[in-house]
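Take a look at the structure below.
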Amino acid sequence: MTCPAENNENVSVSRNLERWILILAVVFISLAAFQTMAATTAMPYIVEILGGKHLYALAAGIVFAAQLMTTALSGPWVDAKGPKPSFFTGAALAMIGLTIASLAPNIEVIVVGRALQGLGSGLLVVPLYVLVGNFISKERQPRYFAAFATAWVIPSLVGPFLAGLMVEYLSWRWVFGFTPVVFMLIMPMAWSQFKALPKHQNLQPLRALNIFYMSAGAAIGISALLVASSNKGHPDLKTIALLGIGMILVAAFAPLLLPEGTFKAVRGVPSTVLLRGTANGCLMAVEIYLPLILKELHGWSATRAGFVLTMSAISWALASQLQGRITDEKKRSRIPHIGVALQLIGTTVVFPAVFPSISGLFILVGWFVAGFGLGYLYPALTVHALSLTPLQRHGEVSAALQIADTLGAAFLIGIAGIAFAVSAGLGYLAYGVPVLIMIAILCGAVALTNRIDPANV
């Protein structure tokens, strides 16, 4: 994909149009952030209402698997056709998927809607970054990208609470239906402003889509793992077959999507990419079960259970700001070690709450610490990976980090789902099995922090 930094100059647009690009991008990012947090909060209650607890992991994780597929397509498409086709196709798919989910008569239809939502979401991010890179002056670009990051914060803080209110006082259908309604209100304005943009410059022929086929293979493999998680108790032949096919596809295609040597933990960029995908995946794989634990084992309402996500969002934002203020190279080199350690500690603190006799407040405290750890680690790994990479390969490494995030989340949600399903006979202890697995993986991540620097450093 053409990186904005590689363009010789920006196409000039009016300041008014620049402002509209910012406003519309922030609105779309905020809606995406709200949807992510709201769905995670509400899903335990939705699957109970629809009698679909057996598909909990599939309903939660299919978004990431589908998003992995189209994220790889978006870059070549934007390079060949400009940002508008990818953006509007992605927005349409996401809104159709959410509308289907909001009208779903059963959990299976929600899975279909969420899959369409994920396919659309994967087409949205790259066009927004390219719009800024092509039409916003370089002096103002940092302000725009900072606004994009900030656009995640407020929805992350209020999204879980609003989702809880919707479930308790309106209907769970509004968790999925709210975003399409807002989208339809702003769509005419977005269309008129985007039409005013000049044609995309430096279009390239549509490149070979090998990366799309590879990401599709990995996504299908992860989807097979998620489907396998729907069979609780002793696995039957179908479950074993799905598990085998899923693992083979992931093992075959996932290494091709990331820098060479990533899954061998080669020093430098490969280990940095692996560490971020692992840490992010562990957080997501545990997080989807926390509202479920609070509901099933501690009797918390949707509003109260959503507060755990708000706590991690607050600590993430605080940690991200804190690491950004550290400029001393020696101190920055310790950030990954501290971040992973804090995430491990926080996840470990969560575990006692799987015992109904122990307060669910352990989850709030633990997840505040875990969120702080990943918020401290996450942006620092981006900076570290780019610092090890020549300027002309920054786009490639940035894409690898994004793919690692999505791949790690989807794969580890699938693993957690299978572990939870197989452990169903353990009663309340089954809720702790996914947490214990992620704790074990995070112990490996602690060791991995020693390999993110090149051998000669």
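Backbone N, Cα and C atoms are what each Cβ position is placed from, and that goes for glycine too.
Heads up, TrEMBL stuff is auto-annotated, nobody curated it.
As recorded in TrEMBL:
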- 20-43: transmembrane segment (TRANSMEM)
- 21-450: domain 'Major facilitator superfamily (MFS) profile' (DOMAIN)
- 55-75: transmembrane segment (TRANSMEM)
- 87-105: transmembrane segment (TRANSMEM)
- 111-132: transmembrane segment (TRANSMEM)
- 144-166: transmembrane segment (TRANSMEM)
- 172-191: transmembrane segment (TRANSMEM)
- 211-228: transmembrane segment (TRANSMEM)
- 240-261: transmembrane segment (TRANSMEM)
- 273-294: transmembrane segment (TRANSMEM)
- 338-355: transmembrane segment (TRANSMEM)
- 399-422: transmembrane segment (TRANSMEM)
- 428-448: transmembrane segment (TRANSMEM)
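Only residues 6 or more beyond the boundaries of the transmembrane segment (240-261), in the same chain, are considered here, and those with a CB under 8 A from a CB of the stretch are 72, 211, 214-215, 217-218, 220-225, 227-228, 269-270, 273-274, 277, 397, 400, 403-404, 407, 411, 414, 418.
Beyond its flanks by at least six residues, the transmembrane segment (172-191) meets 24, 27, 31, 34-35, 38-39, 41-42, 45-46, 49, 91, 95, 98-99, 101-103, 110, 113, 163, 166 of its own chain at Cβ-Cβ distances under 8 Å.
Looking at 55-75, 87-105, 111-132, 273-294, 399-422, the range that has the most CB pairs within less than 8 A of the transmembrane segment (211-228) turns out to be 55-75. If you look at the transmembrane segment (55-75), the same-chain residues 6 or more away from its ends with a CB under 8 A from one of its CBs are 1, 39-40, 43-44, 46-47, 86, 90, 107-108, 110-111, 114-127, 209, 211-212, 214-216, 218-219, 222-223, 226-227, 229-230, 257, 284, 288, 292, 399, 402-403, 406-407, 409-410, 413-414, 416-418, 420-421. The listed stretches are 87-105, 111-132, 338-355, 428-448; of these, 428-448 has the most Cβ pairs under 8 Å to the transmembrane segment (273-294).
In the predicted model, the domain 'Major facilitator superfamily (MFS) profile' (21-450) shows an average pLDDT of 87. By the count of Cβ pairs under 8 Å, the stretch nearest in packing to the transmembrane segment (111-132) among 20-43, 144-166, 338-355, 399-422, 428-448 is 20-43. Counted over residue pairs 6 or more apart, the CB atoms of the transmembrane segment (399-422) and the transmembrane segment (428-448) come under 8 Å in at least three pairs, which marks the two as touching. When the stretches 87-105, 144-166, 338-355 are ranked by Cβ pairs under 8 Å to the transmembrane segment (20-43), first place goes to 144-166. Nonlocal intrachain contacts for the transmembrane segment (338-355), taken as residues 6+ away from its ends with a CB within less than 8 angstroms of a stretch CB, comprise 275, 279, 282-283, 286, 290, 293-294, 297-298, 319, 323, 361-363, 365-378, 380, 428-429, 431-432, 435-436, 438-439, 442-443, 445-446, 448-449. For the transmembrane segment (144-166), the list of distant contacts is 21-22, 25-26, 29-31, 33-42, 128-129, 132, 136, 172, 174-175, 178, 301-310, 313-314, 316-317, 320: same-chain residues at least six beyond its ends, Cβ to Cβ under 8 Å.
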